[in-house]
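Asker: The repeat 'PPR' feature in TrEMBL is assigned to A:45-79, A:80-114, A:208-242, A:276-306, A:307-341. Residues annotated as domain 'DYW' in TrEMBL: A:522-614.
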Amino acid sequence: MKPPLRYVADPSPLVNEFANFCHQWDLHRAMRAMDAMERHGVFADAITYSELIKCCSARGAVQEGKRVHEHIFCKGYEPKMFVVNTLLNMYVKFNLLEEAEDLFDEMPERNVVSWTTMISAYSNKLNDKALKCLILMFREGVRPNMFTYSSVLRACDGLPNLRQLHCGIIKTGLESDVFVRSALIDVYSKWSDLDNALGVFDEMPTRDLVVWNSIIGGFAQNSDGNEALNLFKRMKRAGFLADQATLTSVLRACTGLALLELGRQVHVHVLKFDQDLILNNALIDMYCKCGSLEDANSAFSRMVEKDVISWSTMVAGLAQNGYSRQALELFESMKESGSRPNYITVLGVLFACSHAGLVEKGWYYFRSMKKLFGVDPGREHYGCLIDLLGRAGRLDEAVKLIHEMECEPDSVTWRTLLGACRVHRNVDLAIYAAKKIIELEPEDAGTYILLSNIYANTQRWEDVAEVRKTMTNRGIRKTPGCSWIEVDKQIHVFILGDTSHPKIEEIVQRLNDLIERVMGVGYVPDTNFVLQDLEGEQKEDSLRYHSEKLAIMFGLMNLSREKTVRIRKNLRICGDCHVFAKVVSRMEHRSIVIRDPIRYHHFQDGVCSCGDYW
DNA sequence: GTAGGGTTAG
């Protein structure tokens, strides 16, 4: 590498002036000074150029950056490698991959920084290229450092030999770096390999906030809210203060567990970061999924900045909680605000149409979504429309739509159709759909049970026996129904057939009283939904203690009148419990919310927000 | 001059 040609020989005042502007990050004057230098054929030193490039990079000044690039490759000048590396980095920051690649290819020599910059450019979505880069780098004899590994690990999403790479990192001794560790934790989490993620975490002698956030986020994203919350407690005990990322993951954990009260407590800490978009998005999602639309609405309206995720969350949240009209109104406001709907926004809109029974409007959005919003209908959009048609009783059209789908129907698609068959009592189509689901998901106990119930309800006992036999042969067991309720910041769990709750006797006694009273106002246990083929009274007994009934009773006993009884369930609510909840909401003047795995049921004054369709 | 963590559906 030659030194700058005339810098030493000619310390021109032009160069000095240029250097001053560059070091002050006065981009405008620096660029003018650079033009003057070019006219006189003089150049500055490498550090000055590097400073100028960093300034362009920080200011997002693309054109200026390209001018500097041209300037330092002027005839007769050979920039030092670290200046070219700075340029490379600038292009990567501007997301100008082609420019970065061209520059990289032309470099006569490349060091670990050059390679790492390229790897980090690819490690967002071009994972193959990032890994190829690592291999080429080895071939050129350049050894990766901790920067390289933390970049390349981001590209390992979907890499089968992650363990191998991990071992390689251990051998080089670079595993001790916190950045590398957090990247490892993150990759293992993305793979849902939380044992290994926790292994890396536990071995760390010192941890920083980001590492805590990585592990908490890992559990929160893998639907293990309890462990995420435990780790959050450990983090606080270790003396760390939560930041935006921590709180976002904690909120996500609350969302998954439907812990409204804990979520409210977290909200207090969110106020410290009230300008943070992602955190606020997580907050409104938490309130929506915990069924408190008042809180969601007020948090949403207080947001200074809203993006497509904020709008989509709120539109879907309203729709899922039964406020279809408001969801569609909000969607109109979204369009007026200039925010562009995406794939997920449209799902919320179709969901709203479906729940409001707006068949024509749903069809309209479905047919014109490509033209209106540039979004191609995907499997989930078809699902919403199948739900819409099913709700309206147009089962033939729904089946026709499944056969016309551009993508392969999956088990969710068939399950949607099955739901429609159940409501409209179409036995033959239900059997057809259930068989399709079993083909695609032979391990799912729920479908076998459902199929067996359909047979039982139509007295097809031989078929019932056949399904049961298949289940036994395949070793499939029923998942017991399970409901959760939060009272005084404590979670109470009720499982069908489990009597371990300390107050179970009192709950059962009070529940029996309640059932007597609701039967007095015309409630009849709906034995069609019983999961076993029992007879008469026995049937009623097994219904009587469904986990959601126990949870409702416990809520009525322990929550003050004005409080909503909020329950989360692991399985879909059964028809009998649904009727029961409606009657109780009217008779006891209580508001009850039950969130099952895919729908919300807001019971008030004897009516449910789902419109008795789920 | 190069690196790590958080949000919407399913």
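Glycine is no exception: its Cβ is also placed from the backbone N, Cα and C atoms.
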Asker: Please count the residues of the repeat 'PPR' (A:276-306) that DSSP assigns to helix (H, G, I), strand (E, B) and coil.
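Answerer: Across the repeat 'PPR' (A:276-306), DSSP assigns the residues as follows: 23 helix, 0 strand, 8 coil.
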Asker: Given a Cβ distance threshold of under 8 angstroms, which distant residues of the chain, six or more beyond its ends, lie next to the repeat 'PPR' (A:276-306)?
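Answerer: For the repeat 'PPR' (A:276-306), the list is 244, 247-248, 251-252, 254-255, 258-260, 263-264, 266-267, 270, 313-314, 316-318, 320-321, 323, 337, 339, 564, 566, 593, 595, 600, 602.
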Asker: Could you break down the residues of the repeat 'PPR' (A:307-341) into DSSP helix, strand and coil, giving a count for each?
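Answerer: Going by DSSP assignments, the repeat 'PPR' (A:307-341) contains 27 helix, 0 strand, 8 coil.
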Asker: What counts of helix, strand and coil residues does DSSP assign across the repeat 'PPR' (A:80-114)?
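Answerer: Output for the repeat 'PPR' (A:80-114) reads 26 helix, 0 strand, 9 coil.
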